[in-house]
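These notes are about the structure you will find just below.
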Amino acid sequence: MAASGSGSSRADNGYGSQQPRRRKGPGALATAYLVIYNVVMTAGWLVIAVGLVRAYLAKGSYHSLYYSIEKPLKFFQTGALLEEYLLIAKYLPGIVPSSVVLTAFQVMSRVFLTWAVTHSVKEVQNEDSVLLFVVAWTITEIIRYSFYTFSLLNHLPYLIKWARYTLFIVLYPMGVSGELLTIYAALPFVRQSGLYSISLPNKYNFSFDYYTFLILVMISYIPIFPQLYFHMLHQRRKVLSHTEEHKKSE
């Protein structure tokens, strides 16, 4: 839920030279709204985390834990669509230097996995791969929304910053692996049932094969995931090294 870096406008600094003009962040009302949104989303993903732990302790097994958090997962993951509006509206300039396109892909792919695959193909809900991406999403989102909340309040603890730019190294591959394995597990059921597919002939003279579409979705991860991953690695070096330099200068 971040906009890209500051613009290219420049201002005279009074000594005949030019320096970048810092973009203004959101106003007081927008900041209050964004803080509330991020606090709610943090709390929501904490509810999911607690639900997973409680279900595991009650059952003594990690199998089929999806059903214990299905409703809050659908609600709060779908709530992330609001981030698309926040990105487009550029309500968070300069708070987090992130790629709008890559962040949008991440949000949309997760909403797609939630509804168009896991919800729609009930046979995959028992797959361990579902738990794999749910756990990765849950930890990632708790950290991410906490990061945004404290950034908006200008009181960002170093531990949260470090977690935001470090734990993804394991969580992103973990989540992507779970997503791809779940889509792969859904393919036979989609092919057999013809789910969401449209066959010719029909009055619209249009056909759509959802099975093929899912394969194309899986292939799309090949160019997109490395970009997102290496972008975060670049941001990690940039942000954490800047923090270390700042500490040394104090």
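Placed from the backbone N, Cα and C atoms, the Cβ positions cover glycine too.
TrEMBL entries are annotated by machine, without manual review.
Marked as region 'Disordered' by TrEMBL: 1-24.
Taken from TrEMBL, the feature compositional bias 'Polar residues' covers 1-19.
The transmembrane segment feature in TrEMBL is assigned to 32-57 (among others).
Look at TrEMBL and you will find 95-118 (among others) tagged as transmembrane segment.
For 130-153 (among others), the entry in TrEMBL reads transmembrane segment.
Beyond the transmembrane segment (165-190), the same-chain residues lying 6 or more positions past its ends with a Cβ under 8 Å from any Cβ of the stretch are 109-110, 113, 117-118, 121, 123-124, 127, 129-137, 139-140, 143, 196-197, 210-211, 214-215, 217-218, 221, 225, 228-229, 232-233, 235-236, 239-240. Per TrEMBL, transmembrane segment is recorded for 165-190 (among others).
Under the heading transmembrane segment, TrEMBL lists 210-230 (among others). Sequence-distant contacts of the transmembrane segment (210-230) (same chain, six or more residues past either end, CB-CB distance under 8 Å): 99, 102, 105-106, 109, 112, 117, 168, 172-173, 176, 179-180, 183-184, 186-187, 190-191, 194-197.
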